[in-house]
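Working notes, beginning with the structure itself.
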């Protein structure tokens, strides 16, 4: 009996012990404590010590997988968790096989004891916010089969110990900030099936030995800085089926690209490198491939015949230097399975025969030198781009084309009228015939012949006659481009409702009459351009109903009456000048600069106190009242004298208070109008910074309270305006002057998280708080400081304005991509700070001295040094083009904010480096729109960006901005200055175009350069060549060359 009692007690005791928290449970509960945010409650509502199984494993907890009494798996993917993760806790889970927490907002570092996870086979921490370097002990995790750390901010080199992961089958470390050479030890991972190290900053040569990994199926190294020669042995011997080494710096030394390609490779991408030579005439390079992408290289010669190539499905050879004719085999219907063919951006010539292939869906032959008439047949083509060639003839051949949905024939030499015969393009949704020589009128049956049309562009031809009656009422149309023709008649009729039209451009035609009163029915309209017509009457009040309108231009017409009282608050571009409008400008339009309203509109009045109202009055009455000019000039002179007297008074006061201090003069940017020569005549130049300041208001309206206090310490170049033209990054201040600090309230004010993109800087938030910080300037997205660290190192700190930055996770993922950007002509970003409040977002980058291009170029008070010589200016232009070429082709990102103040000159040699790049990727849509709007006011915005409600920077908009900068370099003038004189209020680009069109292009050059040009014919030739390049850069987007071409052309001068 006693023995039975003992047994029962023992069983009860063991049962009770089973309910005690195990080592596994304690580790999980400790991890739970680090979770700051769990939007779904998946973890916080489930993990508790009251729901534990009898065997001691919490299998009822969400995301937990048990094996017996032990935790075997923790799966917390895609939950939006925010946590400071301590992964060393999981070393206590001795039977853990799978740990997966991808796509959250987890931060922290990998533990040094990662190698003690003896049973771990699957580790996925991708798409989080982890940082720091990889621990050397990671190579001791010999049981790991799958390791994914992609989409984080890991930095430093991959440790050689990675070669110890002998069981590894899949390794993904893409989209991090890893750098250094690829370790040779990776080639010893004999079981590896998948290797992805793309979008990092790896340098050096690709190690030999990857071809010896017999199991390797996928090798992805794209988006790094790997250099050296293509390894022909790898391509011949590898067993991989997918190879992507695009976006690196690989070169070739022999005349042939490769001696051959392994039969196992099906997908090969070597685009965006520096490969030269020609393609082999044999078929061994292509016979087993399904996808081949060699675009954006420097390959040349004629294309091979592509005989006996049966498996190729995608062939991309765009933007190289191929010449000769187009191989007919590529367009046959019986020799290839080709679905996509892109040969654009080469030097191919000759005609294009009929396209017989029934499998070819996408054919891009744009930007070549192809001639002849259109092909008779297009086979199964759905997308056909033949733009920017030398095709001629009429358009009647397309009557037999059946499957086309996207057709671009722009920038050719087509003549005749728009076909009226019934075509087969019933599926067409995009039709671009711009920049040809088409004549006649548009047929009335367009809506029935093209029932699915969304985009119609027939701009820049010689069309006549009215708009077809039902065209504007087509239910599918979203964009209509009819500008730059000779069309006549009234505009209309318009649909009463249901219109999808987002863009309507009828500018530079001969339309007349009144606007339809039902204009407000175009409720989706975002861009409306009716400029340079003969329209009259009043602007219909129904325009107030177009709430999505972001760009409105009705200038150069004969409109009368008042402006609509309540136009859309989304309008970012506005121009009603050269009309006969009257009344008072509505309050919601008063912040647009005077050139939006004047010249013309002599009876139109800006509200009292509106920015620039005095300037507008001067402009409005200029042609009829010369007395006003005199008054303005005298007023400016008096104001200037007063400013000088005030400056002298302040100087005396400062000197009396602190004799040892030197007066800081010349620090305030001149905000007044300046009189400079305009060609052969004088003229007034209105600074674009004034327009930005007018639109923004005072600095207090855009700065956080902390920034206001920093500015108030005396380092703001202006306390009355939002500065968009800063004096440059090289401004210096007396050492004994009281410096502004980032910690304007207390030394420990920065209490958030400071992340660095590499290991070159070690700094805490508190140390950054203590750093003296001089204000360099302000822009639409924040304030820039020069911070002096304790070790004497300078950093540029950009304090982002409240509300412009994206959410933390997206911001962090984007900013870490910058760590891969390393180039002598690009300013290096070092890190970022994320504070606990909305206005505490900082970006840290290298400080560049002596200053910006603007501070050396413009003839303004405080200009640094003597005027730049031609050799210096040309070198700066080449440097900037080289930096942009790197961003576009090596990093595949547009700059997005290119202007003279963002080109910094480094050292005594004035090496140019572009700064403030890719900020649009860190900002909200509103922040991006505001940045682009400022670029428009300052003269750098590409015209196409005004045609989008949600504009985003692009490669082509960068080229436009670079063209404007070239004009600044040539003229010495600021892009945003409004130049008046012989012409009425034109900006820099229009002024240069006018001079060139009149055969007076040489009058545009800076007087300093003109003196050099007169004594050196080589200089004169170079300046004229750069002027030609600049004019190409500011063409319409479809005619604009890529930066690669521009860089090569500039380098050859």
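Note: Cβ is positioned from N, Cα and C throughout, glycine not excepted.
What Swiss-Prot says about this protein:
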CARBOHYD  103  N-linked glycosylation site
CARBOHYD  146  N-linked glycosylation site
CARBOHYD  153  N-linked glycosylation site
REPEAT    191-212  repeat 'LRR 6'
CARBOHYD  196  N-linked glycosylation site
REPEAT    213-237  repeat 'LRR 7'
CARBOHYD  239  N-linked glycosylation site
CARBOHYD  269  N-linked glycosylation site
REPEAT    335-357  repeat 'LRR 12'
CARBOHYD  347  N-linked glycosylation site
REPEAT    401-425  repeat 'LRR 14'
CARBOHYD  432  N-linked glycosylation site
REPEAT    499-521  repeat 'LRR 18'
REPEAT    522-546  repeat 'LRR 19'
CARBOHYD  534  N-linked glycosylation site
CARBOHYD  566  N-linked glycosylation site
REPEAT    572-592  repeat 'LRR 21'
CARBOHYD  575  N-linked glycosylation site
CARBOHYD  621  N-linked glycosylation site
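Overlay of Swiss-Prot feature records on the structure.
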{"residue": "103", "record": "N-linked glycosylation site", "DSSP (3 states)": "coil"}
{"residue": "146", "record": "N-linked glycosylation site", "DSSP (3 states)": "strand"}
{"residue": "153", "record": "N-linked glycosylation site", "DSSP (3 states)": "strand"}
{"residue": "196", "record": "N-linked glycosylation site", "DSSP (3 states)": "strand"}
{"residue": "239", "record": "N-linked glycosylation site", "DSSP (3 states)": "coil"}
{"residue": "269", "record": "N-linked glycosylation site", "DSSP (3 states)": "strand"}
{"residue": "347", "record": "N-linked glycosylation site", "DSSP (3 states)": "strand"}
{"residue": "432", "record": "N-linked glycosylation site", "DSSP (3 states)": "strand"}
{"residue": "534", "record": "N-linked glycosylation site", "DSSP (3 states)": "strand"}
{"residue": "566", "record": "N-linked glycosylation site", "DSSP (3 states)": "coil"}
Residue 153 (N-linked glycosylation site) versus glycosylation sites 103, 196, 269, 534, 575 - nearest by Cα: 103
Residue among the glycosylation sites 103, 239, 347 whose Cβ has the most other Cβ atoms within 10 Å: 103
Residues satisfying Cβ distance under 8 Å from residue 146 (N-linked glycosylation site), sequence separation of at least 6: 121, 122, 123, 124, 168, 169, 170
For the repeat 'LRR 7' (213-237), the mean pLDDT of the predicted model: 91
Which glycosylation sites sit within 10 Å of residue 566 (N-linked glycosylation site) - Cα, from 103, 269, 347, 575: none
Cβ-Cβ under 8 Å with the repeat 'LRR 21' (572-592): same-chain residues at least 6 beyond its ends: 531, 539, 550-566, 598-607, 610-611, 694-695, 929, 932-933, 936, 946
Surrounding residues of the repeat 'LRR 6' (191-212) on its own chain - C-beta under 8 Å, 6+ positions past either end: 150, 158, 166-184, 218-228, 231, 233-234, 236-240, 244-245, 817, 819-822
Least buried by Cβ count (within 10 Å) of the glycosylation sites 432, 534: 534
Same-chain residues at least 6 beyond the ends of the repeat 'LRR 19' (522-546) whose Cβ lies under 8 Å from its Cβ atoms: 478, 483, 491, 494-495, 497, 499-516, 552-568, 575, 581, 946-949
DSSP-assigned states of the repeat 'LRR 21' (572-592) in counts, ordered helix, strand, coil: 3 helix, 8 strand, 10 coil
DSSP-derived helix, strand and coil totals, residue by residue, for the repeat 'LRR 18' (499-521): 3 helix, 7 strand, 13 coil
Site of maximum Cβ density within 10 Å, from glycosylation sites 153, 269, 566: 153
Rounded to the nearest Å - Cα separation of residue 239 (N-linked glycosylation site) and residue 432 (N-linked glycosylation site): 45
Helix, strand and coil counts within the repeat 'LRR 6' (191-212) (DSSP): 3 helix, 7 strand, 12 coil
For residue 196 (N-linked glycosylation site), the one of 103, 432, 575 that lies nearest, given that the glycosylation sites are compared by Cα: 103
Neighbourhood of residue 575 (N-linked glycosylation site), C-beta criterion under 8 angstroms, separation at least six: 531, 552, 553, 554, 555, 595, 596
C-alpha spacing of residue 269 (N-linked glycosylation site) relative to residue 347 (N-linked glycosylation site), in angstrom: 22
Nearest of the glycosylation sites (103, 269, 432) to residue 534 (N-linked glycosylation site) - Cα to Cα: 432
